[in-house]
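K.L.:
Sharing a structure, written as structure tokens. Questions coming.
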Amino acid sequence: MLITQIIMKQIRDYPIVSTISIAVSTVLASEVIWKLVQCSRSKREKASRVHEVIIFNELGEICAAVHMRNSSMGSQKPQVSPCCNTHCSLRNVAKIVEQIDRAVYSIDLAIYTFTSLFLADSIKRALQRGVIIRIISDGEMVYSKGSQISMLAQLGVPVRVPITTNLMHNKFCIIDGFERVEEIRLLRKLKFMRPCYSIVISGSVNWTALGLGGNWENCIITADDKLTATFQAEFQRMWRAFAKTEGSQIQLK
């Protein structure tokens with residue numbers, strides 16, 4: 001009661017100072033509450049982020065006939081009908097497609113060979129959503145039979161390759177990499193950003209029918225901040241190093 005009386009007396013005696021003090025206190029309290037909300041939200045988001053190892057092996061295709069019977073004509077996504085095969089290749093591909101379909105701002109793909117129609121369709125959907133896509137590939141494999149890279153280049157996706165006979169043998173994809181998203185924010189002068197978080201997809205597997213459905217391969221999908229930052233930094237380095245090849249060395253066939 002005494003404290004309340006003292007506060008009221010201060011307000012009467014010093015109305016301007018008291019008003020400013022109350023306003024500042026309210027703002028500070030709001031900031032603290034907002035930070036707590038952000039912290040709580042961040043913890044929930046991190047807990048729900050993906051960290052998964054996908055294994056491809058000779059057992060992945062034993063259920064292929066069932067999926068073919070249950071698939072719809074012209075579908076652009078893997079039709080994963082109920083399947084008891086824990087090694088199902090189609091389910092594994094669907095997990096990669098799911099992450100690409102979640103891309104908000106950027107996809108940076110460094111891939112040796114890329115012929116998968118399902119994954120190419122998911123990249124095209126991202127392009128239609130306004131996602132900025134960049135591809136680094138091998139100078140020879142961009143022309144391999146069934147390569148989807150030339151097709152994506154025709155749609156406006158910039159493609160770069162090394163100026164060397166050494167192989168560009170990487171197989172990784174960064175989705176909404178923090179550094180890249182910040183670059184896009186500054187480039188587009190965006191004031192409000194949609195929620196997103198960085199994902200990296202990497203492993204031994206090429207994005208081909210055989211790699212995704214017959215070979216013994218592995219693929220890691222993770223939202224680990226350090227890993228995504230490391231892959232993003234290497235992509236950025238290669239992108240700058242191969243700058244001369246964009247639009248000049250890639251001749252569409």
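Using N, Cα and C of the backbone, Cβ positions are placed for all residues, glycine too.
Per Swiss-Prot, the feature active site maps to His169, Lys171, Asp176. Summarising the annotation, Swiss-Prot assigns domain 'PLD phosphodiesterase' to 164-211. The topological domain 'Mitochondrial intermembrane' annotation in Swiss-Prot covers 1-13. What Swiss-Prot records for 31-253 is topological domain 'Cytoplasmic', and it gives sequence analysis as the kind of evidence. Swiss-Prot lists 14-30 with the feature transmembrane segment.
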K.L.:
Look at each of the active-site residues, His169, Lys171, and point out the one with the fewest other Cβ atoms around it within 10 Å.
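P.N.:
Counting other Cβ atoms within 10 Å of each of the active-site residues His169, Lys171 gives the minimum at His169.
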K.L.:
For the domain 'PLD phosphodiesterase' (164-211), jot down how many residues DSSP puts in helix, in strand and in coil.
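P.N.:
Grouping H, G, I as helix and E, B as strand yields 14 helix, 11 strand, 23 coil.
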K.L.:
State the count of C-beta atoms found within 10 angstroms of the C-beta of Asp176 (active site), not counting that atom itself.
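P.N.:
If we count other Cβ atoms within 10 Å of Asp176 (active site), we arrive at 25.
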K.L.:
How big is the Cα-to-Cα gap, in Å, between His169 (active site) and Asp176 (active site)?
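P.N.:
Between the Cα atoms of His169 (active site) and Asp176 (active site), the distance comes to 22 Å.
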